[in-house]
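Here the structure is laid out as structure tokens; the discussion comes afterwards.
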Amino acid sequence: MKFLLLVLAALRFLTQVIPASAGGSKCVSNTPGYCRTYCHQGETALFMCNASRKCCVSYSFLPKPDLPQLIGNHWQSRRRNTQRKDKKQQTTVTS
């Protein structure tokens, strides 16, 4: 029983003394990332925290890129035009 109490006391002491570094320290205060040696799956490195650690940020926190939207069926209409040209060439060759 005394041994169990000694083990529990030692574990409680160690949890207060040893920092929890499994997740890494926070990057700059405005960045929602953590300084790590290797980024986890689903994360990307934005910048270096120091010479050996990267600021890893989850993809869900990154802004979505503004891509231009296609208007209507632009690509399909171009495809139809090329098919018409091919048909015209076939009819002129056979005539």
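Indices start at 1 and increase along the chain as displayed.
Cβ coordinates come from backbone N, Cα and C, glycine included.
Taken straight from Swiss-Prot:
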type: COMPBIAS; residues: 76-87; note: compositional bias 'Basic residues'
type: DISULFID; residues: C27-C55; note: disulfide bond
type: DISULFID; residues: C35-C49; note: disulfide bond
type: DISULFID; residues: C39-C56; note: disulfide bond
type: REGION; residues: 72-95; note: region 'Disordered'
type: SIGNAL; residues: 1-22; note: signal peptide
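In this structure, the C-alpha atom of C35 (disulfide bond) lies 4 angstrom from that of C55 (disulfide bond). The two recorded residues C39 (disulfide bond) and C27 (disulfide bond) have their Cα atoms spaced 13 Å from each other. Look at the disulfide-bonded residues C39, C49, C56 and count other Cβ atoms within 10 Å of each Cβ; C39 has the fewest. Here the disulfide-bonded residues are C27, C35, C55, and the one with the most other Cβ atoms within 10 Å of its Cβ is C55. Mapped onto three states, the DSSP output places C56 (disulfide bond) in strand. On the backbone, the CA of C27 (disulfide bond) and the CA of C56 (disulfide bond) stand 8 Å apart.
Each residue contributes its Cα atom, and for C55 (disulfide bond) and C49 (disulfide bond) those atoms are 6 Å apart.
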